[in-house]
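Among the features that Swiss-Prot reports, substrate binding site is placed at Asn111, Lys168, Arg288, His321, Ser368, with the record citing sequence analysis. Annotated active site, proton acceptor per Swiss-Prot: Lys166, His287, in sequence order, evidence recorded as sequence analysis. According to Swiss-Prot, the feature Mg(2+) binding site maps to Lys191, Asp193, Glu194. Summarising the annotation, Swiss-Prot assigns N6-carboxylysine to Lys191 and lists sequence analysis as the type of evidence. The annotation site 'Transition state stabilizer' is assigned in Swiss-Prot to Lys329 on the grounds of sequence analysis.
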Amino acid sequence: MDQSNRYARLDLKEADLIAGGRHVLCAYVMKPKAGYGYLETAAHFAAESSTGTNVEVSTTDDFTRGVDALVYEIDPEKEIMKIAYPVELFDRNIIDGRAMLCSFLTLTIGNNQGMGDVEYAKMHDFYVPPCYLRLFDGPSMNIADMWRVLGRDVRNGGMVVGTIIKPKLGLRPKPFADACHEFWLGGDFIKNDEPQGNQTFAPLKETIRLVADAMKRAQDETGEAKLFSANITADDHYEMVARGEYILETFGENADHVAFLVDGYVTGPAAITTARRQFPRQFLHYHRAGHGAVTSPQSMRGYTAFVLSKMARLQGASGIHTGTMGYGKMEGEAADKIMAYMLTDEAAEGPFYRQDWLGLKATTPIISGGMNALRLPGFFDNLGHSNVIQTSGGGAFGHLDGGTAGAKSLRQSHEAWMAGVDLVTYAREHRELARAFESFPADADKFYPGWRDRLQRAA
């Protein structure tokens with residue numbers, strides 16, 4: 001059934017919809033299946049996403065028609081489809097009237113993903129009007145709070161030197177805590193890897209007790225504050241809260257040095273909101289493991305990593321992994337830096353829409369995946385700043401001299417970039433950085449041709 005006479009209004013102007021402030025706008029790349037017209041399929045998509053179905057129903061009235069989602073722009077050649085969703089469509093809490101991200105997803109990327117006349121459809125951007133934006137929690141904490149704990153400038157404190165304890169599984173509590181202590185002697189921040197929790201060989205309560213002790217010892221030995229991101233991911237809201245409360249109690253006076261990691265993609269919006277609301281004084285670390293199933297450029301359905309990041313800021317993530325923008329081992333490219341800008345800036349341009357965040361606190365980009373001291377300068381050159389949390393697993397513990405030296409090499413790489421000094425030149429007077437060249441020779445040869453001769457001449 002062609003529903004374009006009801007669910008398509010190509011006379012509507014995007015600027016007018018934004019000025020009106022009553023619609024969430026979504027931009028998709030959509031292709032109909034063979035034999036279906038573009039506008040007809042787009043209208044069916046909008047109907048299925050809002051008030052319609054595949055037939056006219058007798059219960060529809062004038063009010064219902066007033067909250068139809070409307071296709072307002074199409075470009076069949078580029079496969080671009082834009083839809084305006086009235087804000088009245090979205091579900092709100094009965095306890096406080098706040099917005100729910102699950103409702104946003106249910107409408108904009110729900111049943112429409114399984115429609116028989118759609119070959120594929122993927123959301124590439126969305127715009128949230130002020131009246132709806134203000135109903136989301138947004139972050140309560142971000143990197144500025146970490147800088148405060150670390151004793152740095154809270155406006156431009158620079159890279160937080162971090163790691164992920166590897167191997168991601170298989171370490172018992174004491175070896176895990178020992179690895180934490182080793183890294184903390186040179187670095188700032190350690191995160192649980194996403195599957196680490198309460199395995200039978202590494203009970204959470206035992207591991208956390210030992211990690212809290214390792215933090216105290218490292219702080220005493222270095223005179224510097226240290227940070228830990230503990231995984232509280234669980235299916236059950238009560239389990240998440242129980243883990244969080246135990247962790248804070250165990251860290252005691254260092255409770256404000258603790259972030260909570262939640263696997264936000266696999267657990268969904270409910271887990272992120274649980275952590276945000278139950279623990280507003282903790283940095284909420286959004287890990288996105290599994291997201292590539294829908295965000296990868298190879299996947300033509302779902303939504304992009306940019307959209308995932310934007311949703312994370314709405315929900316209240318203090319930080320979210322953003323990949324390495326082509327500078328590490330994970331899928332990505334240099335142009336992905338717009339994702340970081342959308343997380344951190346007061347207003348930012350997306351692929352299709354400019355979003356004003358109206359004072360909503362920034363979300364911190366977390367950089368991980370194949371990074372080491374030699375790759376950092378190029379990454380920072382592309383991004384334009386270094387106000388990120390950077391976590392290197394192999395880049396720290398793959399250092400020939402161990403985790404402490406690996407941490408120091410990462411810090412020295414950042415220092416060199418901040419000073420505008422060539423990395424090989426800086427390495428001549430910084431042993432840990434020099435040894436990073438020997439630790440990662442393939443990267444050294446790729447990014448710094450002739451490094452061996454230059455370092456040997458300095459020696």
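Please read every residue number as a count from 1 along the shown chain.
Glycine residues also receive a Cβ, built from the backbone N, Cα and C atoms like all the rest.
Mapped onto this structure are the features recorded in Swiss-Prot.
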| residue | record | DSSP class |
| --- | --- | --- |
| Asn111 | substrate binding site | helix |
| Lys166 | active site, proton acceptor | coil |
| Lys191 | Mg(2+) binding site | strand |
| His287 | active site, proton acceptor | strand |
| His321 | substrate binding site | strand |
| Ser368 | substrate binding site | strand |
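Looking at Asn111 (substrate binding site) and His287 (active site, proton acceptor), their Cα atoms lie 26 Å from each other. When the alpha carbons of Lys168 (substrate binding site) and His287 (active site, proton acceptor) are compared, the span between them is 14 angstrom. The Mg(2+) site, placed at the center of the C-beta atoms of Lys191, Asp193, Glu194, has further neighbours from the same chain whose C-beta lies within 8 angstroms: Ile164, Lys168, Asn192, Pro195, Gln196, Ser229, Asn231, Leu261, His287. Taking Arg288 (substrate binding site) as the reference point, the recorded positions whose C-alpha atoms are within 10 Å of its C-alpha, out of Lys166, Lys191, Asp193, Glu194, are Glu194. Comparing Asp193 (Mg(2+) binding site) with Lys166 (active site, proton acceptor), their Cα atoms are 8 Å apart once rounded. Around Glu194 (Mg(2+) binding site), the C-beta neighbours below 8 angstroms that are at least 6 residues distant in the chain are Lys168, Asn231, Thr233, Leu261, Asp263, His287, Ala289. Shown are the binding-site residues Asn111, Ser368; the one with the most C-beta atoms within 10 angstroms of its own C-beta is Ser368. Rounded to the nearest whole angstrom, the C-alpha distance between Lys166 (active site, proton acceptor) and Lys191 (Mg(2+) binding site) is 10. Recorded residues His321 (substrate binding site) and Lys191 (Mg(2+) binding site) have their alpha carbons 12 Å apart, per Cα-Cα distance. Each of the recorded positions Lys166, Lys168, Lys191, His287, His321 was scored by other CB atoms within 10 A of its CB, and the lowest score goes to Lys168. The Cβ of Asp193 has fewer other Cβ atoms within 10 Å than any other of the binding-site residues Asp193, Arg288. Rounded to the nearest whole angstrom, the C-alpha distance between Ser368 (substrate binding site) and Lys191 (Mg(2+) binding site) is 11.
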